[in-house]
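**Q** Annotation comment: TrEMBL describes 801-810 as compositional bias 'Basic and acidic residues'. The annotation domain 'CDCP1 first CUB' is assigned in TrEMBL to 1-68. Summarising the annotation, TrEMBL assigns domain 'CDCP1 second and fifth CUB' to 77-180, 406-497. Per TrEMBL, the feature domain 'CDCP1 third and sixth CUB' maps to 186-289, 512-625. Annotated domain 'CDCP1 fourth CUB' per TrEMBL: 313-401, in sequence order. What TrEMBL records for 732-810 is region 'Disordered'. If you look up TrEMBL, you'll see 635-658 marked as transmembrane segment.
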Amino acid sequence: FTISLRKVDNTTVVIKPRSGVSSSCQIAIKNGIRFELKIKPGENVTFTFTCQTPEKYFIMEIQKNIDCVLGSCPFGDVHLYPPGLPRLNKTYVWDVKASTKAGLELKFSTPWLRQIAPGEMCPDSISYKINSCIDNATVNIGTFCRNGSVSRVKLLGGVVMSLHLPWNTALTTSGFNIANRASIKRLCIIESILKGESSITLMSPNYPLGFPEDELMTWQFVVPSNMRASVFFHNYSLSNCERKEERVEYYIPGSLSNPEVFKLSDSQPANIAGSFNMSLQGCDQDAQNPGILRLLFQVVVQHPQLDENVTHLVDLSKERNMTVTIHFEGWPSHIPLMSEPVCLICKDPRTCDRVLTLASGTVYRISFLCKDLSRLRITAEKGISCVDLRWCQRKIYSLTVPKAITQLPIRLHKFIWNLLAPDLINIEITSPSLKLQQHVPEQRCNASYSYSIVSATPETELNVGLFCPGGSIEKIQMRNNITISLKTFGKGFINESKHQDLKMSFVPHIKDECTFTVSPNPKAKVYLQTPNGPYGLPPYVSISWYIIVPSKQIARLGFSKNRMGIACETGRAYVNIKEETSGAEETVRREDELLPDPRNMYHNFWVNVSNCKPVDKTQLILQFWVTFADKQIDLGIILAVVAGAGVLVAIGLTVCCVKKKKKKTQNPMVGVYNSNVNTQMPGKKGLFAKGRQNNESHVYAVIDDAVVYGHLLKESNGSLTPEVDVYRPFDGPIGSVPPSPPPLSFRKSTKCSSNTEEEPPPLTDTDHDTYTFAHQNSGQLEDNGDANKKDKGDTSMPLLENKKQDGLVE
């Protein structure tokens, strides 16, 4: 290769090794071998490379100095000089000196330039870098690729223009020219020409390091008159100002208040008709802590929308603690810089954005600059709190989506209720008519919306589960703060939302972390699962289900697996099952035991699951199911009833015979009255009071009439020798209430006469016969007393008692 540089061109060429590459290739000239070669103006050098692929080892810089201060400024196209250079990666640098009173204008040929962020690469690896030189300071105006909208750049003072070309490029022209000199009295002016629907991204000088102190720059946007432009700030920061104020100024055609001044934190103008200017003004910064002023923004140009004058009323005047955000699909995790026209939401003709947040207590009239509203979504959030339970316990809050949201032509993505309760106050969620269905693998939700319920406890966050309408859960009671998120699926929510019935109230403190009240459909099979799936129930958390069994139904309870599937490091895990009826037995299983087999439940019952601290990473995930069947009359019960009826008939016949015999005999039986016995009218108690069951104070001796009146009978005829029963005198203590008379079947039996003509009247409470017969012996009574005491003992499990005290069991 031969490189010949004229002295008048003031150009220097340097060939040097690429950084980080070994020197296995050299440059050979007539004087020897070189690792670097510098060719100065006026020199003529011939050289070769000692390898076949020098582009892997060397790069080339070509620097040309241009003096527009003392000499004549070479206006016109800037050429790539000198020709015939080796195929190496090249960087052309044009250092143009100019006076601050006569700035320079660089004009780019089509397809113009596109600004990129630092570190970003151009698709074709051809890039331009523009630096402005004021006195001894250098400001990086920006780095640009080809194929963009930046057509001109005016700079105050000199400019250093760099063009980077890859070794295999076919580019033969620089792509810009020095147009003229003009005083601009600001750092720079960047002109951007936008044609048709398009989007561009621009950055302030020195981005992201910081805009120069107290400087002013301007962007000029050329927009077709039949198009609309909108400005969006995506990333900015502010410096610490001692004097003045950082701001953005707009000159908009037809505006009554040019310049329109905005803060960087304001929503920027949108829906601008025609060309406009935007300027960024810095301030005098604090010398000790200057801070950084920087800005990255976007300009979107699109056709006017046919429905841009159609407004939608959003009345949030009666709402409290609620925000409504209308946003682009994918917000907030995914908001790409717009490469094409997108949907814009406007709260007035000039205030539009891809994301618009509306606050409660206000009435809005919004419009949309959007060809396809299906790309927009609504996310709303409402807070409900309770400070004084005496006031808020009487109130029932409706957790429904307001009509102001459902009437908009935009799909509701999510509605979030943040329910805040202080200590010792809990939250109750009810769904009286629709009821809720828990989403489990065996019982998936297929409605147009669902509720995600999360309970935030001090130790951990308990994900209660995913629920949808049309199930069997009437009530959910939870501790501490709750977040309920309604999420929609498809377009059916607009119609189904009219029937929402989810309600919330504040209730006194409950002991369990969560309690469900379940009232299943008698014909359904209900699956219920512990919360926090699939991660498992947190350690030491207790969950309860109260299952309501219809009066004419039998519930069948079963577990989906035969063990809990965990091993405890600390404590024990339990499953407790108990029917809510007197004397019901409690079924308890530990984590190391088999779970109960499917069983029938005849009354309302409780299922409680309490977790321990599991070892390793094992988690407690427990699922059970409930089905119902009609109560069937058992054949054994029927036979027992028939047998019982036969016994009653036999007893009736015996009583009949005894009464007839008494009426026919001339010597009726009389009772010997014991004066030590209380003769008060017997009460209705079914069990003896304590103190009377172990003595015989209630026993009478019954004898024939002849025993009492035998001497009279003997005087009359002297022929009767009466029969006498054994007399049992009373000498024990007496109770407070006398016992009730025993049944007639306990009286002394006599043979029944078949020819009795009349029955005596039955014994009633109004009869003053205080007769009783000898009952069971004291041993039997003591056994009965123990049995009674056992029946009346504490048979309820502590968990159920706690529920009753908390008012969870009706």
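The count begins at 1 with the first shown residue.
Glycine is treated like the rest: Cβ placed from N, Cα and C.
Help me understand the surroundings of these features in the structure.
**A** For the domain 'CDCP1 first CUB' (1-68), the model gives a mean pLDDT of 92.
Under DSSP, the residues of the domain 'CDCP1 second and fifth CUB' (77-180) split into helix, strand and coil as follows: 0 helix, 62 strand, 42 coil.
Per DSSP, the secondary structure of the domain 'CDCP1 third and sixth CUB' (186-289) breaks down as 0 helix, 53 strand, 51 coil.
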**Q** Select the range from 77-180, 186-289, 313-401, 512-625 that forms the most Cβ-Cβ pairs under 8 Å with the domain 'CDCP1 first CUB' (1-68).
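**A** The stretch with the most close Cβ contacts to the domain 'CDCP1 first CUB' (1-68) is 77-180.
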**Q** Counting by DSSP, what is the helix, strand and coil composition of the domain 'CDCP1 second and fifth CUB' (406-497)?
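**A** The domain 'CDCP1 second and fifth CUB' (406-497) comes out at 6 helix, 52 strand, 34 coil.
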**Q** Where DSSP helix means H, G or I and strand means E or B, what are the helix, strand and coil counts for the domain 'CDCP1 third and sixth CUB' (512-625)?
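**A** Result for the domain 'CDCP1 third and sixth CUB' (512-625), in helix, strand, coil order: 0 helix, 52 strand, 62 coil.
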